[in-house]
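Chemist: Here it is, the structure in full.
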Amino acid sequence: MKLSKLTVFFVLFSIFVLNLGVAQAVSPSPKQVEQFKRLPKAQQEALAKKYGIDLSSLGLNTEDQQSDKKDAGITIKQRQLQRNLDEEPLTEEDKFKPKKEELKPFGYELFAEANDNFLPSDTATVPSTYNVGAGDKFNISYFGKESLDMTIEVDSEGSLPLPLLSPVRVMGMTFAEVKSLVEKRVSQKIIGVEAHIAIVELKPVRVVLVGEVKYPGSYSLPALSSITHAIFASGGITEIGSLRHIQLKRSSKVNTKLDLYDLLLSGDNSQDKLLESGDVIFVPPVGKQVSISGAVLRPAIYELTESEDMGSLLVMSGGEKPGAQTSKTVIERFSGNSLKTVVKADLAKRKIPLQAGDKVYIPNSSNEFDNAITLIGAVTYPGRYAWHENSKISDVITSIRADLLPIADYSYGLLLREKGTTGMLEVHQFSPFQALQKADGFDLKLEPRDSILIFSRFEEQELEEKQLVKLAVTKDELKLNDKIALWQDYEQTQFYEFINLAAELDKQLQEGQQANDSAGKNIDDILRGQKSELDEDEYAVFSRRKLLEPLLLRLQQQASASNGLKIYNISGEVRYPGVYPLPVNSTIENAVAAAGGLKESAFTEIAEITRFVTGKGARVEHINLALSEELGKGNSSTRIQSKDSINILPKPNWQQSYKVNLVGEFKFPGTYSIKRGETLQDVIRRAGGITDYAFARGAIFTREAIRQNEQKQINELSARLRRDIASSSFQSSITSSKLSYADMDRLLGDLSKIDALGRLVINLDEVIEGQQKIELRDNDTLYIPTQQHTVSVVGEVNVATAHLYEETQTLESYLKISGGLKQRADDERIYIIKADGSVRVPKRGSWFAVANNTEIEPGDTIVVPLDSEYMDELTLWSTATQIVYQIGVAAAAISSF
């Protein structure tokens, strides 16, 4: 009868479900819903799952079903929140302050980012040995005469309710035992029916963690959690906690001892037991700790057991690195008298006992190569090459095209060699081209640890890059050229390392010494006389400037009373004048080759050497040489000595191509080449003279030397004005002055923006007639404007503007039609800038008279200056305004072309 009622209900409920699924508008009757609610929770879930019904849509609360699952993780999330609150935010200093690398205890970083992801999965396979308890949920299915599929749960008394049968007690049984019991009970009690049972949800376990964990306490964890899961949940082990003696206590007895090193070093988790409710995990303080550093794969601080020795420590650290000097291992150890002692240890004997606090250091082999040749500079394949007996430069550089870059200098290269145990640097010079020809004296024999330095034939980076692009034909070649920039830094680093500068400079920087600064000053003194028009970053990477500077510094550092400074200077008519290292094979011919060769202007008959001779006293000698003869002698050329200064003289009367510019109203304006001694009159004649529209009185002649001098005066004036404003006495006058700070600031701003013109006042008519003789210089410029018919009024007038010239207008009338003078105008210092650039000052008391109308001519500019009394009669202000006005008038005339 009971079975038939259940069957009838299933039929009714199926109809109810069909109504829900097919016609959403049809709602189940309250009676049907009430009947469904009376079913056990397990049967409700089974029917809902079978027919795809959401229990919440029927007003059934499903939160209770997941409460245990939520409880299992809530404590962990709270602990994570607490950890985030405990962590202090990083300051800007902490973010960017360099930190020294220190050894850290091994294994603790495993728990650095512990979170819920380390907990066991809800879908994990349940082992057959799992102990069933209250809260575990099973899915049970009947097959055969009766068909049934539903979820059942172990109640608080440890009983499992079976459909159509009485409950069975399963508390304390394993999952395998429960499965066998249920299947056997169903087959015996219900004829023709077989059962299948599986765990669908496990009860959480509650454990306690104590000892050296970050957040000790009681935790509710998911089922199938192990010891490590619990440690992750507690935030991990503190650095004073042991990783090797973790205890799992069950029923007040030690059930398991976990050594995390087994897991971390070999992946053995056999002792990572599953937890049960009521378990206690205890983490004791850390035991004996020993650090190991140097040439090992995993330097760190390790915890050792009493039976472990040096061999065990080496296994933990991953073993020695290739090149480790195991026979030179040392152990720092605390002695009984509160001091440290150093014990030598040979790792060939692995069973070396260790004590708490020992620091083991295994030195690494030197980074130096004992049989390598280093190739640096403008080469295709930089790096180290194998050395062999009787090897020469031609064995390393075998082809001009294959081994050298297109920018390489084929006439100048250096071979750097360290001599003896002191490492004194010795320099040899050679020609890469001649070395490939196996010429005597150039294809030098190599020794171990030699370094070959190849320079670029371009000093300027822009020229070097243009040459590379010009030589590139295909896209692949262009890409290859782009890659050059990537390894140029590597090249320079290798060179610095070779000459032992990188480590030395880093050491000085770290220790805060001033030796590097003084060395830099000394090298600047050495380089004095090298006039450079380029900024440091504009030099090519493989230029002489870039590569020789650290080499010269190395030579300076090794100089002493018994070992003179091995440098020399060459100046004059060579391509790259400057300071060069003195090679062993130093000759005049080599010095000229090092400087890039002679210029076209070089005088080959005579050259001069200035030599500083030391002995009992010190004197300076001047030696004259026949340069053309010296360049043909080869190795028999005159030898150069330490600190020699070579001067290559220019040819007598040699000049570069000098040019002048004629702009404006010339018959043939343009740029003209001139010879020395040529005058402005000569060039005007070559240009066909001036046109009929030329305004000769307004001609503007500029010269670069004058411009530079004017610019210097402007800068000095601006600086003086700024100092006056900053001074306290000047500030006191400002407060009572009628001139506002904005006016002063504007004037200073105008001065700082002014570019001097370098104008020389001339009378063009007299120049053309030969009465004024002006000898031309390179880059001189003559501007001749068109006819001018205006008079300009500027300065302290109400309307500064230009007016048409009229013969009847006087100075007074021009000022009136410009709105008159401002209150702060200086009416006693009004002056006129004539069209030719000269200045005229009207006579006092008479400039209002009509008789002075002859002073005003076309192209003139009337300037009304600022009354200097507004600045306590500082003549600087009137001087400044005068400069601004004069340059402004000339600039306006030039800009009209």
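Backbone N, Cα and C atoms are what each Cβ position is placed from, and that goes for glycine too.
Nobody curates TrEMBL annotations by hand; they come from automatic prediction.
Annotations per TrEMBL:
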{"type": "DOMAIN", "residues": "126-193", "note": "domain 'Polysaccharide export protein N-terminal'"}
{"type": "DOMAIN", "residues": "206-283", "note": "domain 'SLBB'"}
{"type": "DOMAIN", "residues": "290-337", "note": "domain 'Soluble ligand binding'"}
{"type": "DOMAIN", "residues": "569-614", "note": "domain 'Soluble ligand binding'"}
{"type": "DOMAIN", "residues": "660-693", "note": "domain 'Soluble ligand binding'"}
{"type": "DOMAIN", "residues": "791-840", "note": "domain 'Soluble ligand binding'"}
{"type": "REGION", "residues": "62-98", "note": "region 'Disordered'"}
Chemist: Which residue counts does DSSP give the domain 'Soluble ligand binding' (660-693) for helix, strand and coil?
Modeler: 7 helix, 13 strand, 14 coil
Chemist: Can you tell me which of 290-337, 569-614, 660-693 gets the most C-beta pairs within less than 8 Å of the domain 'SLBB' (206-283)?
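Modeler: Comparing 290-337, 569-614, 660-693 against the domain 'SLBB' (206-283), the winner is 290-337.
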Chemist: Should anything in the same chain at least six residues away from the domain 'Soluble ligand binding' (660-693) have a Cβ under 8 Å from its Cβ atoms, list it; otherwise answer none.
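Modeler: Same-chain residues near the domain 'Soluble ligand binding' (660-693) but 6 or more away: 653, 701, 762, 764, 767-768, 770, 773-776, 778-787, 897.
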Chemist: Could you give me three numbers for the domain 'Soluble ligand binding' (290-337), the DSSP helix, strand and coil residue counts?
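Modeler: The counts are 10 helix, 19 strand, 19 coil.
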Chemist: Residue counts in helix (H, G, I), strand (E, B) and coil for the domain 'Soluble ligand binding' (569-614), per DSSP?
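Modeler: Taking the domain 'Soluble ligand binding' (569-614) as a whole: 7 helix, 24 strand, 15 coil.
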Chemist: Which whole number is the mean pLDDT over the domain 'Soluble ligand binding' (791-840)?
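Modeler: That region's mean pLDDT is 88.
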